[in-house]
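Asker: Quick paste of what TrEMBL says about this protein:
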type	residues	note
BINDING	ARG110, TYR112, LYS129, LYS135, MET136, SER137	FAD binding site
DOMAIN	59-161	domain 'FAD-binding FR-type'
Amino acid sequence: PEEPLQSDCCGQGCNPCVFDIYESDIAKWKKKCRRILNNEEDFLEDTTKNCRLAGIVLDQFTSLQIISIQKITEKLITYRFKLPNNKPLNLNPGQHLLLAHKANDFMLTRQYTPISSVDTVGYFDVFIKIYDNGKMSDQIRQWHVGDYAMWRGPYGDFQYLPNQCKKILMLAAGTGVAPMIQIIRYVINNENDDTLLHLILSVKYYDDIALKHDLDAFKQYWNVTVEYVLTCEKDTKKFKYGDKITLSKVDHQFLEKVLFPPSQNSKVLICGTKSFEKDMIKYLKQFGFTEENYFKF
């Protein structure tokens, strides 16, 4: 494995970071070397078996083709990638993938959570926000249907078991709604799962609500509540009937109205910007929540 440069790290706290991947690759490489030296030829069988079961693997990046591009807003776009031989991702709810782009010996990596169902085979969907001055965004902006991108995974320590919790409160900001969408799909697709889900999505403006069509569909299920918190919106005329909207911020005062007492039968999930996640954890601790009661993606 080739050691990444210090400049290859984006500094955004990705999990895994390019250096985490490098250390993992080095450990796997050393293990395979030992098995070769010890004439343990079955190490190849382990890798090929893993490749047969899933469309992508942890051990290496896989080149996948873009088969559709759907623009949600000017800066939010959904990309669909084809998986070889109609394979699944073998993804658990809440897990993410790693996208890589290498040019001129410079490696960029970013993590994205598929929004398609974990049971989907043959393809997966991710929605990506395009930033004006983002290094990876500059590459993604040039994507067209038929192009290829390098993916690897899945990653993530979140573990979901049906009915393990009675209630789950989801605190998301912007594109941080992605893992929440994935988990909601998983719950509603299991008719035996009675977990109550309450999604609170914070965005600046009404038009910033990504995948609102999907979120509106989720509200039709008895155990799903979707609430939008708009921090900068002034025009209330565009709101649709049935929308549950608060013109405010997700702060201590707001959470006091929606939080349940911390217990083993409930969980709070957090995903958003660094500042959003930091604030949510601060507020939760003020209400007596511990790391056992919440999970940050």
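Glycine is treated like the rest: Cβ placed from N, Cα and C.
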Asker: Please give the greatest C-alpha separation between any two of the FAD-binding residues ARG110, TYR112, LYS129, LYS135, MET136, SER137, in angstrom, as a whole number.
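Answerer: It comes out at 15 Å between the most distant Cα atoms.
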Asker: Among the binding-site residues TYR112, LYS135, which residue has the largest number of other Cβ atoms within 10 Å of its own Cβ?
Answerer: TYR112
Asker: Quick check: which same-chain residues outside ARG110, TYR112, LYS129, LYS135, MET136, SER137 lie with their CB within 8 A of the centre of the FAD site CB atoms?
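Answerer: In sequence order, the nearby non-listed residues are LEU99, LEU108, ILE128, ILE130, TYR131, GLY134, GLN139, ILE140.
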Asker: With DSSP as the yardstick, break the domain 'FAD-binding FR-type' (59-161) down into helix, strand and coil residue counts.
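Answerer: When I sort the residues of the domain 'FAD-binding FR-type' (59-161) into the three classes, I find 9 helix, 49 strand, 45 coil.
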Asker: Please compare the binding-site residues ARG110, LYS129 by how many other CB atoms fall within 10 Å of each one's CB, and tell me which has the fewest.
Answerer: LYS129
Asker: Taking all residues of the domain 'FAD-binding FR-type' (59-161) together, what is their mean pLDDT?
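Answerer: Within the domain 'FAD-binding FR-type' (59-161), the model's average pLDDT equals 91.
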Asker: Name, in the order they occur in the sequence, the residues of the same chain whose CB lies under 8 A from the CB of SER137 (FAD binding site) and which sit 6 or more residues away.
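Answerer: In sequence order, the residues whose Cβ lies under 8 Å from that of SER137 (FAD binding site) (at least 6 apart) are LYS129, ILE130, TYR131.
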